[in-house]
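Novice: Can you keep this structure in mind? I'll have questions shortly.
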Amino acid sequence: MGEKKPEPLDFVKDFQEYLTQQTHHVNMISGSVSGDKEAEALQGAGTDGDQNGLDHPSVEVSLDENSGMLVDGFERTFDGKLKCRYCNYASKGTARLIEHIRIHTGEKPHRCHLCPFASAYERHLEAHMRSHTGEKPYKCELCSFRCSDRSNLSHHRRRKHKMVPIKGTRSSLSSKKMWGVLQKKTSNLNYSRRALINLSPPSMVVQKPDYLNDFTHEIPNIQTDSYESMAKTTPTGGLPRDPQELMVDNPLNQLSTLAGQLSSLPPENQNPASPDVVPCAEEKPFMMQQPSAQAVVSAVSASLPQSSSPASPEPRPPHGQRNYSPVAGPSSEPSAHTSTPSMGNSQPSTPAPTLPVQDPQLLHHCQHCDMYFADNILYTIHMGCHGYENPFQCNICGCKCKNKYDFACHFARGQHNQH
């Protein structure tokens, strides 16, 4: 019977060692500094229990599933977080929990030595001290606004620029690069009806925007090789800094782009200097196409009948130079950017690869403006602008134009005053 007496001592000792190991493990996870002190205290208590026999210290252990065990005077949950005694808030570190408890107790230990300001959070005091020093480390990337608090900067972005930061893990852009993209898109709103096409002869160049490099993996329909081939012909790549040179990204803006080009052409009654020189006014039909319809449009434009005289096809231009390029009509000279047959008695050049013959009706033609459209939607929008009785009368405001150039300039200005 006397040999069974040490069993309670062994049980208490083993249980205390278990509590010591668990406490030390939890303190390492939470980053608490006082874990070593409690481990030493529990080990000392275990030694005293061995010396005093059955008079071991009482260990308070809570078996409630919602509360966990008591550590550092705070209840700890089973996932290792410290729990607030006033509410259900839980934190991994004691510093955060102490700051939270000050909300309940009303304690404000962080005081300003220049004014009566006091706060329960040290970071709030640091932001307050910037009001005395005048320091404004936070700057808006879209304008010259600066402030001393990050929350004021976020409020400024939402109120002034109507921008909300993108949340989630879908975007792989950094914050500075994302705000740079938003800045470019904001400038597009003010100049959306301006043209990007450069009218300097002999080629028309469309530069590639910088932000397309970041979103190419999300928009597979955009063919970046065409932009890159055109960007090589320009002195500088990327989006131009001039806000007047912006990308045309929808059918309405493409119509405005065409009208802006026609408005800059010389008058219709201008005579050419020589029979071999054709004025740029005869380069009137323009191809309005989208990147997804490039293959169909190029095949159709190459198969259109131009003249009854024998002609030889010119070499096919690079794929990237066909965007927004003039397409020769039934009575116009072939352009440098198309693969249409050449007029006159010219020597045969290197033949282009044979293209599949497509139905010419796929290319929509406006007989009033002598323009060709590869997109049915764009063609419908354009034809809806013509009047029923007078084709050069605006169908929106009723303004009567002289000719197709005046009609195109009227829609480029966008001033539809009801008469």
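Heads up, the Cβ atoms here are built off N, Cα and C, so glycines get one too.
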Novice: Taking 42-65, 138-161 as the choices, which stretch does Swiss-Prot tie to zinc finger?
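Specialist: Swiss-Prot lists zinc finger for residues 138-161.
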Novice: Return the stretch with the most CB pairs under 8 A relative to the zinc finger (392-416), choosing among 110-132, 138-161, 364-386.
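Specialist: Per the Cβ under 8 Å count, 364-386.
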Novice: Would you kindly list the residues that approach the zinc finger (110-132) from elsewhere in its chain, counting only those six or more residues past its ends and only Cβ-Cβ distances under 8 Å?
Specialist: 99, 102-103, 148-149
Novice: What is the average pLDDT across the zinc finger (392-416)?
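Specialist: Looking only at the zinc finger (392-416), pLDDT averages out to 84.
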